[in-house]
Amino acid sequence: MEHNLPVNVREYQELAKKALPKMHYDNINGGAEDEYTLRENIAAYGRIMLRPRVLVDVSKIDMSTSLLGYNMPSPIIVAPTGPHKLANPEGEVATARAAAACNTIMVLSFGSSCKIEEVAASCDAIRFFQLYMYKRRDVSATLVRRAESLGFKAIVLTVDMPVLGRREADIRNKMVCPPSPNLEGLMPFDDDLGTGGGSKLERFASETLDPSLSWKDVEWLKSITSYLPILLKGIVTAEDARKAVEAGVAGVVVSNHGGRQLDYAPPTISVLEEVVKAVAGAVPVLVDGGVRRGTDVFKALALGAKAVMVRPDHCRANSCSGRWKILICLTALQVGRPVFYGLAARGEAGARHVIEMLNKELELAMALCGCRSIAEITRRHVLTEGDRIRALL
């Protein structure tokens, strides 16, 4: 048994910083331009206060929830993040095993440093696949069909990246990101990418990502998969949330790309209620960005999310009851960087420990706030800055 294990995500972050080359740590930990949104994603959670209820029997706490019809022991799921072999030689295979050990859902990034087939074969678990829209639609279509054939249960389309945000740390470090093995044979890779300044990631993105991405492409994506539900990741306004519902997607992920795309976009927790109100229970809402504590998960659930980056089975069979719709506005919270920190520090064991710590912290927060189940977490359990201002008027 190991001794002196980290006791929180921040300690894992410090270990990851020591373990990784500066280029790789800056890539996963950095944001766009002034990194205002990056900082605010975390800081905004700190400005939300908890309102605990006492004299409640909390001898039994049930954190279970459901997303797209798949049961989970807690609302915390693993978000898609950059190539995990930058953190550990086993890459996403180790992360997948860690998620499976915690019975949680993993969203595999298109940029995985392990092939989709390797991750699918590594363990028996529920997984979603995250996708970008490429200029060559045949590449996107091939990736969708591979994920579908390998048993992935949903497609998460990232919609806030028609072009790459200005990530100055990557430019300064001339970031070299190895080509995704999932794209081998689908598109050529230029060994000279990035020479002459900038980062290879920046050049690759400019040559492959499609800036013409629009709502018609959501319709196209729906047309090429026979049964996989599609979630849109990158929604931060009520207007786009309503358009997503009109487009017939299975869910939306409130996300600003971890502060890596548009700087001065709002922190995700600050717009969660706006999006939840806009969808009005029509589809589940997920949220990511800034989660570092179980109390953060609790706050998000109180503001409308019922799980941290996973959605309950709202559209799997299109048979949700009215009662179910009321329960699932926010279904899951997605956690990305913390799992990467754990993987960098201690491999699969570290990634698993991070998920377990967050679950234990959530369980403790629920008990101390007098909530015996996810369903008992309500808006009245939190006090936001807006609440405090309105109370003075």
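Every residue gets a Cβ built from N, Cα and C, even glycine.
Annotation comment: TrEMBL describes His257 as active site, proton acceptor. For His257 (active site, proton acceptor), applying a Cβ distance below 8 Å and a minimum sequence separation of six or more within one chain yields Thr158, Asp160, Met161, Gly165, Gly234.
Taken from TrEMBL, the feature FMN binding site covers 80-82, Ser109, Gln130, Thr158, Lys233, Ser255, 288-292, 336-337. The Cβ of Lys233 (FMN binding site) lies under 8 Å from the Cβ of Gln130, Val156, Leu157, Thr158, Val159, Asp160, Val252, Val253, Ser255, Asp288, each of these being in the same chain and 6 or more residues away along the sequence.
The glyoxylate binding site annotation in TrEMBL covers Tyr132, Arg167, His257, Arg260. There are 24 other CB atoms within 10 A of the CB of Arg260 (glyoxylate binding site), with all protein chains counted.
The domain 'FMN hydroxy acid dehydrogenase' annotation in TrEMBL covers 1-387.
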Length of the line joining the Cα atoms of Arg167 (glyoxylate binding site) and Pro80 (FMN binding site), in Å: 18
Residue pair Arg337 (FMN binding site), Arg260 (glyoxylate binding site) - Cα distance, angstrom, rounded: 12
Cα distance (Å, whole number) from Gly82 (FMN binding site) to Arg260 (glyoxylate binding site): 12
Cβ neighbours of Gln130 (FMN binding site) where a neighbour is any other Cβ within 10 Å: 24
Neighbourhood of Pro80 (FMN binding site), C-beta criterion under 8 angstroms, separation at least six: Val107, Leu108, Ser109, Phe110, Gln130, Val156, Thr158, Gly336
